[in-house]
Amino acid sequence: MPCPRLLAALFCSSGLFAASGDFCDSSLCLHGGTCLLNEDRTPPFYCLCPEGFTGLLCNETEHGPCFPNPCHNDAECQVTDDSHRGDVFIQYICKCPLGYVGIHCETTCTSPLGMQTGAIADSQISASSMHLGFMGLQRWAPELARLHQTGIVNAWTSGNYDKNPWIQVNLMRKMWVTGVVTQGASRAGSAEYLKTFKVAYSTDGRQFQFIQVAGRSGDKIFIGNVNNSGLKINLFDTPLETQYVRLVPIICHRGCTLRFELLGCELNGCTEPLGLKDNTIPNKQITASSYYKTWGLSAFSWFPYYARLDNQGKFNAWTAQTNSASEWLQIDLGSQKRVTGIITQGARDFGHIQYVAAYRVAYGDDGVTWTEYKDPGASESKIFPGNMDNNSHKKNIFETPFQARFVRIQPVAWHNRITLRVELLGC
């Protein structure tokens, strides 16, 4: 077959293709491009180029807002117009994979938000109804709907005559919510659980909208559990920026009985534990104004470095020597970090419940000069609400995060003795 004229003729004369005229025999396409025949046209072939390359032979680097891909974690970069985005990153958006958020999908966002640990308080959980069992003495109340809750009455169950049941959580501020983990329970010896459910959300607690099916109209129906004890994880196609999350049972096995956890992260995306619980921060970097010895015995000391969230053992927290507002616990982060929040926890001393009920936070870079945290526009340092028992987590997020190496916690109110286990959040 004679060579086509012009460009194809150049390839002919250069001997880059077989005598039979099959232009794809010589693998003309560069950078892993795929050669496809384009018979009866000029040129008689074309190259299907991999991402990032263009040109007749995939010999040119593709340019544009998505090349190279600015998105992280294998997110898809989508070219758009300036009117689609209101921020400085014009011409593209990043479509995040499940469990990631951020302008560039840079933040992993699947942390438990506090149902299981108690960081979400009982008062933040409400429902359309609840079941009253055993002559009204058993309250299957919404505040029991915590993942892995134990006991004879250990979950939320809707009322017998509730035709449109729901349970909701008020997160107290806008957060990213990326998924939910559900679990059933056993009631009167029988397994009960949600087989399917919907998820609604709201920013004001009054007007709710349901998560929709991706790419189609209609409310999304999530698949729930198949027994009373197993866990079912559902991640949302699109993260929710919301304050209220409502689970609406659709099909229930025997009764609408639920334990659950919400997954997500703070909007600022900088809420990773800074190293107290996992011992990344060494003992020598955790100090205090004093520490208590039960019965005055050194063997029964409540050292500062015991003040790690969820620490276990007979002596598993820091306790101050005196109940005085002059006492403090100090953490040296080792280098300057962005600190966005704190989680506190109390402990027991031979059966006596002890915790810090309120405290201030101070910070600095040299361990000598301190700045007490204040809310924006406030003239007085902020007093943070602390714990109400010895074991639950209490999370406080700083409205204005700060940069610091040293963080000091200053108790101002306590129950029995000043006792703390703690984790700092940030990045």
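Yeah, the Cβs are placed from backbone N, Cα and C, and that goes for glycine too.
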Which residue among N59, N390 does Swiss-Prot mark as N-linked glycosylation site?
N59
C66 pairs with which of C47, C49, C77 in a disulfide, per Swiss-Prot?
C77
Determine, on the basis of Swiss-Prot, the cysteine among C29, C35 paired with C24 in a disulphide.
C35
Test of record reading: of S27, S123, S129, which one does Swiss-Prot tag as O-linked glycosylation site?
S27
Recorded disulfide counterpart of C270 (Swiss-Prot; options C109, C252, C427)
C427
O-linked glycosylation site according to Swiss-Prot, picked from T34, T150, T196:
T34
Sparsest Cβ environment (other Cβ within 10 Å) among disulfide-bonded residues C47, C94, C427 belongs to C427
Out of C29, C71, C109, N227, C256, which of these recorded positions is nearest C58 (disulfide bond) by C-alpha distance?
C29
Work through the recorded positions one by one (C29, C71, C109, N227, C256) and name whichever has its CA nearest to the CA of N59 (N-linked glycosylation site).
C29
Would you mind reading off the Cα separation of C66 (disulfide bond) from C265 (disulfide bond), to the nearest angstrom?
27
Select the most exposed residue of C24, C58, C77, C105, C109, where exposure means the fewest other Cβ atoms within 10 Å, treating these as the disulfide-bonded residues.
C24
To what whole number does the mean pLDDT across the domain 'EGF-like 2' (62-106) round?
73
